[in-house]
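Taken straight from Swiss-Prot:
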- 117: chlorophyll a ChlzD2 binding site (BINDING)
- 129, 142: pheophytin a binding site (BINDING)
- 197: chlorophyll a PD2 binding site (BINDING)
- 214, 268: Fe cation binding site (BINDING)
- 214, 261: plastoquinone binding site (BINDING)
- 40-60: transmembrane segment (TRANSMEM)
- 124-140: transmembrane segment (TRANSMEM)
- 152-165: transmembrane segment (TRANSMEM)
- 207-227: transmembrane segment (TRANSMEM)
- 278-294: transmembrane segment (TRANSMEM)
């Protein structure tokens, strides 16, 4: 006689049933992260499409910003709230709009709506990568890498305006609007001379260079395992053998530079590290701008340029350009301040 000793199956509650449904194998995986990702991404994208299509920026920036007013894809935008709104969350039912949807749009409520839902959507997408990596049984480096774009978005769209007087000084959601924000950062913060911006540029362009070099090197060293014009069809995702020669690639770059990667794992970690560090460092720099921190003020050159009409450097020329950006941008960018700059205070280079 056989006696089976076992544990009675635990009763399945609503959490287990929901967990099974969320993690069911389907074309688009949902998961627990999807409860955050899909609603927030849908609302952020919908708010942006609504704003760029219908909503004016006349009451916040004194400009047209929608397709309805004649803008195109490059010039339409969801503009930041009015300067007078400060750092209000601009809830539809809050004291500013008092439930009036049209008034809420006029005050810039859609920008706050898109920015906050967009931030949570990006966080949800990173959590999605964590969740699927855990289910598949791989390490979560994709999610860690995606923290770079999240850091940039949060620092630029949320932390920077929080350090300034209001949401008004954040970037509006549009192509030309982002360009205006870049000019603003240069004119008011001398952003291109900031070392964190330099590290960010080095990281992003360095990552692009590494990507191009890596792709070209792999294509160069593919094994000739087919008779067709290209070898793409000769590859099978489940094949055991290598599809390109790391030894040949190492030999090639050793001859080019005298040094080359000999370890695929170190090579690919480096390709991950360079662009992500670029994104992180540029985010740190933006946080510095939020606090109005200065970087690289070469005062001695400015003093000498002021005293000697024949002395000028690229730095002093850029400082004059920044003064021009501030003097010409501020009246157009902040019409509510009624700035008026007389001719004698506008910047003039030494050559003039």
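Glycine is no exception: its Cβ is also placed from the backbone N, Cα and C atoms.
Each of the binding-site residues 117, 197, 268 was scored by other CB atoms within 10 A of its CB, and the lowest score goes to 268. Among 40-60, 152-165, 207-227, 278-294, 40-60 has the largest number of CB pairs under 8 A with the transmembrane segment (124-140).
Taking a C-beta cut-off of under 8 Å and a sequence gap of six or more, residue 142 (pheophytin a binding site) has these contacts in its own chain: 129, 133. Secondary structure at residue 261 (plastoquinone binding site), as computed by DSSP, is coil. Non-local neighbours of the transmembrane segment (152-165) in the same chain are 80, 83, 86-87, 115, 118-119, 122, 171, 279, 282-284, 286-287, 289-292; each lies 6+ residues outside the stretch with a CB under 8 Å from one of its CB atoms. Long-range contacts of the transmembrane segment (207-227) within its own chain (CB-CB distance under 8 A, at least 6 residues past either end) are made by residues 233-234, 241-246, 248-249, 252-253, 267, 270-271, 274-275, 278. The two recorded residues, the residue listed as 'chlorophyll a PD2 binding site' and the residue listed as 'chlorophyll a ChlzD2 binding site', have Cα atoms 27 Å apart.
Counting every protein chain shown, 18 other Cβ atoms lie within 10 Å of the Cβ of residue 261 (plastoquinone binding site). Under the three-state DSSP scheme, residue 142 (pheophytin a binding site) falls in the helix class. Cα separation, residue 261 (plastoquinone binding site) to residue 268 (Fe cation binding site), rounded: 10 Å. Around residue 214 (Fe cation binding site), the same-chain residues six or more apart in sequence whose CB sits under 8 Å from its CB are 267, 271, listed in sequence order. The separation of residue 268 (Fe cation binding site) from residue 117 (chlorophyll a ChlzD2 binding site), Cα to Cα, is 33 Å.
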